[in-house]
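> If you look up Swiss-Prot, you'll see 37-57, 74-94, 125-145, 165-185, 191-211, 233-253, 268-288, 321-341, 369-389, 401-421, 429-449, 451-471 marked as transmembrane segment, on the strength of sequence analysis.
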Amino acid sequence: MTAESQRAAEGVATAIEAAAETGHHGHGPHGDGKLKLAVGAVGVVFGDIGTSPLYAFRETFAGHHPIEPDRLHIYGVLSLVFWSMMLVVTFKYVMTIMRADNKGEGGSLALLALISRSSEGKRWTWPIVLLGVFATALFYGDSMITPAMSVLSATEGLSYVDKGFEPYIVPIALGILIGLFAIQARGTAKVGALFGPIMLLYFLMLAGLGILHIGNNPWIIVETLNPVNALRFFYLDGFTAFIALGAVVLAVTGAEALYADMGHFGRGPIGLSWLSFVLPALMLNYMGQGAMVLAAEAGPRTELIADPFFQMMPQFLELPVVILALLATIIASQAVISGAFSLTQQAIQLGFMPRLRVEHTSASAAGQIYIPIVNWGLMVMVILLVLGFGSSSNLAAAYGIAVTGAMFIDTCLMSVVLFTLWKWPAWKALPVLAVFFIVDIAYFGANLIKVPDGGWVPLVIGLTIFTLLTTWSRGRKLMQEEMAEGAMPIPIFVKSAANSATRVPGTAVFMTSSSDGVPHALLHNLKHNKVLHERIILLTIKIADVPFVPESKLCQLEDLGQGFHRLVLNYGFMQPIDVPEALMRVTSCGGEFKMLETSFFLSRQTLIAAKKPGMPIWREKLFAWMLRNSESAMEYFRLPSNRVVELGSQVAI
């Protein structure tokens, strides 16, 4: 690892450590009962993994690296699919990683914040920090490929309804995807209630189609559940089995969504819906596809394996099945898009991204957000992927490497949790981690073969976003250090300026990222306007390393004397920030604000790239560009535009 990479990681680590200064709050799912939440989880959490039967089995035997659809390979692949689901989804995520929640929330950034708190700022954590940030970057690549892959795969089913649809598959898929992104600004609260019932019906359809064909070969259930078939596959045809892993992993893509969405439903309901409903439905369908192919003679097998999912359909059910599959892929895509919005908000709050415009699409649900630049950026990339690859089979080559990379990183992060947070002894932790690492490395290695066929796409996307995230975090740290160098201590300023400057009526709020030094905007205001307000509030927004901060810990107000006050507003990394609304509630800590008598003073920095140690010039220029294009503090903190005064300053890093 280069020295520059280490400095970047330390910048990220510092950002997390800075975020880990305020209170803790448990946030868990609430509802009428575990069963209701489990049904809701089916509609949100399992969309990605639920649409895998459309292409996973097919890609093993008819993808870019096809294998012969004989009895050894079919039983071996089915056994690999089942035991992959048991080891990766059930054992790794449901039983282990989902126990490592950050006050009820999951996901790579939540886990990273949890680790930062447990390590208490130790510098040995910088490689783990880098891995966590890279997992976040890989998610964006996955959130571009998933909608393209899933919607294309379902749209291709229209050609089984009527061959006349074949030339229009790509245009229809593009129309659906563009429409999906276009409605994001309106929110999905109204149609979201339909997601659960639709996905329940979809999984029942998967199970029904599977049972229809398993009836011809019931013994396939025993063969699938028998791990000996997977081991025999590797023993008799090891290289082919390794190649097959690259496609088998498509059956578990979306496993990380169980952890990421844990805050909405809870570990118990997600585990219940997985083990009692989703897993059986998926496996029945995979076994049905295998039974159908095995029942055919050698010649027809080649035709069936070209698209086994849609070949399972009875003719009279073709259109309903295709429509239901299409709805399921739209719901899966929606979940990924919403996940990208949520992850972006967390990244902004934790200091990994510049301020971006965040719109709240629901008055009742704080989690319903819309980020325009993320939405349109994803849409452009999804369109390019659909046009560039042209079919779900081609896209499958690009799919998997980002997911397996993220799964490997989750295991790395989990190893830190086991040893430093849970204090597991080596004899207990090492066998668990050994299983996780062996499975993850095998899948990641098998997917590396796909790099020339399209696997490079998510890697390039991930590396690009990783560069942006670490550049912003490092640049922000350098800028804050530069501004803090010449900052005057607040007590000295209060004593020297309070009596000498002319005081005018009203309240002035000066926003500052540091609660120690005098804000630059205050110094500039005094220098140019020669006055101070009767009441001066030095306001700092602090983001905790927990998702939600309770009302009782919203603020701390300190009287500094001479009409000066220090006010700290505390937020969790998943809470929306609304400064005027918060100021109306600070009466709980002894303050009272009249908005019509309050002015907000902000400092807007202009960055000058200089040949100083810290970052290469190209990264300084990249950081300066990100700073210029970030959302203004006035809009991000929802300050009233007619009460805001902006004062500029130049900073060289």
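Note: Cβ is positioned from N, Cα and C throughout, glycine not excepted.
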> Considering only Cβ pairs under 8 Å, which range in 37-57, 369-389, 401-421 makes the most contacts with the transmembrane segment (429-449)?
401-421
> Which stretch, 37-57, 268-288, 369-389, 401-421, tops the Cβ pairs under 8 Å count with the transmembrane segment (74-94)?
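The listed stretch sharing the most Cβ pairs with the transmembrane segment (74-94) is 268-288.
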> Give the one range among 268-288, 321-341, 401-421 whose Cβ atoms make the most pairs under 8 Å with those of the transmembrane segment (165-185).
321-341
> When each of 37-57, 125-145, 191-211, 233-253, 369-389 is checked against the transmembrane segment (321-341) for Cβ pairs under 8 Å, which one has the most?
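Most Cβ pairs under 8 Å with the transmembrane segment (321-341) come from 37-57.
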> May I ask for the residues of the chain that lie six or more residues beyond the transmembrane segment (125-145) and have a Cβ under 8 Å from a Cβ within it?
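That would be 1, 5-6, 8-10, 12-13, 16, 108-109, 111-112, 115-116, 119, 253, 336-337, 339-340, 343, 347, 352, 378, 381-382, 385, 395, 398-399, 402-403, 405-406, 409-410, 412-413, 416, 457-459, 461-466, 469-470, 473.
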> Below 8 angstroms Cβ to Cβ, which residues of this chain, lying six or more residues outside the transmembrane segment (451-471), approach it?
5, 8-9, 11-12, 64, 130, 133-134, 136-138, 140-142, 144-145, 347, 352-353, 381, 385, 389, 394-395, 397-402, 405, 615, 619, 622-623, 626
> Which residues of the chain, 6 or more past the ends of the transmembrane segment (37-57), have a CB below 8 A from one of its CBs?
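Contacts with the transmembrane segment (37-57): 29, 31, 77, 81, 89, 146, 149-150, 153-154, 157, 192, 195-200, 202-203, 206, 247-248, 250-255, 257-258, 261, 264-266, 268-270, 272-274, 276-278, 282, 285-286, 289-290, 308-309, 325, 328-329, 331-336, 392-393, 396.
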> So which of 191-211, 233-253, 369-389 is most in touch with the transmembrane segment (268-288), counting Cβ pairs under 8 Å?
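Ranking 191-211, 233-253, 369-389 by Cβ pairs under 8 Å to the transmembrane segment (268-288) puts 191-211 first.
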